[in-house]
Amino acid sequence: MPEKVAVLLGGTSSERQISLQSGHAVVAGLREAGIDARPIDTKNFLVTELKEKGFTKAFIALHGRDGEDGHLQAVLEFLKIPYTGSGVMASALAMDKHRSKMIFQGAGLPVSPYVALNREQIWPNVTQNTSNDLLLNNRISNKLIKNINQLGLPLIVKPSREGSSFGMTKVEHLDQLDDALKKAWHYDEEILVEKWHFGTELTVAILGDTVLPSIRIQVSDIFYDYQAKYVSDKTQYFCPSGLKQEQEKQLATLSMNAYRALGCDGWGRVDVMLDDEGHFYLMEINTAPGMTDHSLFPMAARQAGFSFSELVCKILSLAH
C-alpha cells in the first residue's frame, strides 16, 4: 500500500501560528520528494479518524500542548500509526521544564539554579486579577524571597510547560517579580524562577543518533524571546557556532546525554547556555522543533549537508 502521510499542524496551543508555518513547510518538503503528504489541522480534525482516512504515518509538526506533550503521541500509539519524534513519556517530560530539570540533575547533568513555584501551593487565594502587592502582603512570600535571594538577581521567570518563550520575563529588580509571575501564570500553574546567566545561548540539533553542528544565537534584545525567534531580522545565528573544538565535543556529549536521559527519539533540539566562566547549563529539550524559515533545526541540517526535503524525509524515515 502506498504511503499516505498526515502532517499534523496548527492545533490549539499558544504556538498555533508557528506550527502552521512549520507544518506547511514540511508538507512542501515531503511532496518535493514525491511523498503523498496532507496537512491536517488538529484543531478541526479528529485524530482518531486518521486510520479510517487511510493515513499510514504521522509527521508531528505541532508545537506546545496537546501536540508535543505526549497526549497526541498516546493517541497515535493506540491507533498503531507510526509517528515522528519522541514517544509518550519523553514528550511529556521534555514539555515540562521542571521535571526535565529534575531528571537532568538526577543524571548528574548541569542545570541553572532554580526555584519551582506552584500558584495554588504558594498563594492559594491569589488570582490573576489580584491587585495586592503579593511580595509585601503575603506571609508565604518571605520564604519565596529567601529562596530567590539565594539565586541572586537578575532572574528569568517562565512557565514550566510552555514553548517559544511565551510568558517569559527577565527580572532585574525584586519589585518586578509580581508582574513576572502573573504573566507566567497566564500560561501555566507551575512556574520556574531561574538564575540569569550572562553568556552565550547555544542550540544543538539531534537527528537519529547524530549530533548536528551547534548554533550560536546572538540577540539584540534582552533575551531570545518570541520576537527575536520569529519576527526580528536583527537576531544573528552562527552555524557552526565558533566554539573551540574541545568545547564543541563537550557540548555534543552533554546534549546527547540530556536527550537520552529523557528517552528522546527520532529528532530533537537541545538548548544550552554557556556562561561567561565557560560552564554549560542545560535549558530545555524540544521534541518537535520549529521548521519555519527562522527555525534552527533546518539551519543545522543544512550545515551537515541536508536539503530541507532530505531533512523531512529523514525525520519521516525515523517514525516509529
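The backbone N, Cα and C atoms fix where each Cβ goes, glycine too.
As written in Swiss-Prot, here are the features:
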| type | residues | note |
| --- | --- | --- |
| BINDING | 148-203 | ATP binding site |
| BINDING | Asp271, Glu284 | Mg(2+) 1 binding site |
| BINDING | Glu284, Asn286 | Mg(2+) 2 binding site |
| DOMAIN | 101-317 | domain 'ATP-grasp' |
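Everything Swiss-Prot records as a feature, shown here on the structure.
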{"residue": "Ile148", "record": "ATP binding site", "DSSP class": "helix"}
{"residue": "Leu155", "record": "ATP binding site", "DSSP class": "strand"}
{"residue": "Glu162", "record": "ATP binding site", "DSSP class": "coil"}
{"residue": "Thr169", "record": "ATP binding site", "DSSP class": "strand"}
{"residue": "Lys183", "record": "ATP binding site", "DSSP class": "helix"}
{"residue": "Glu190", "record": "ATP binding site", "DSSP class": "strand"}
{"residue": "His197", "record": "ATP binding site", "DSSP class": "coil"}
{"residue": "Asp271", "record": "Mg(2+) 1 binding site", "DSSP class": "strand"}
{"residue": "Glu284", "record": "Mg(2+) 1 binding site", "DSSP class": "strand"}
- Out of Ile148, Leu155, Glu162, Gln176, Glu190, give those binding-site residues positioned within 10 angstroms of Asp271 (Mg(2+) 1 binding site), comparing C-alpha atoms, in sequence order. none
- Around the Cβ of Glu162 (ATP binding site), other Cβ atoms found within 10 Å total 22
- Determine the Cβ neighbour count for Gln176 (ATP binding site): the number of other Cβ atoms within 10 Å of its Cβ. 16
- Query: Where among the binding-site residues Ile148, Leu155 do you find the Cβ with the fewest other Cβ atoms within 10 Å?
  - Reply: Ile148
- Note on the structure: Integer Å value for the Cα distance linking Glu190 (ATP binding site) with Asn286 (Mg(2+) 2 binding site) is 19
- Across every protein chain in view, the count of C-beta atoms other than its own within 10 A of the C-beta of Thr169 (ATP binding site) is 20
- How many other Cβ atoms are found within 10 Å of the Cβ atom of Asn286 (Mg(2+) 2 binding site), counting all protein chains shown? 23
- Going along the chain, which residues six or more apart from Glu284 (Mg(2+) 1 binding site) have their CB under 8 A from its CB? Ala94, Lys97, Ser100, Val270, Asp271
- Between Glu162 (ATP binding site) and Asn286 (Mg(2+) 2 binding site): CA-CA distance (Å): 11
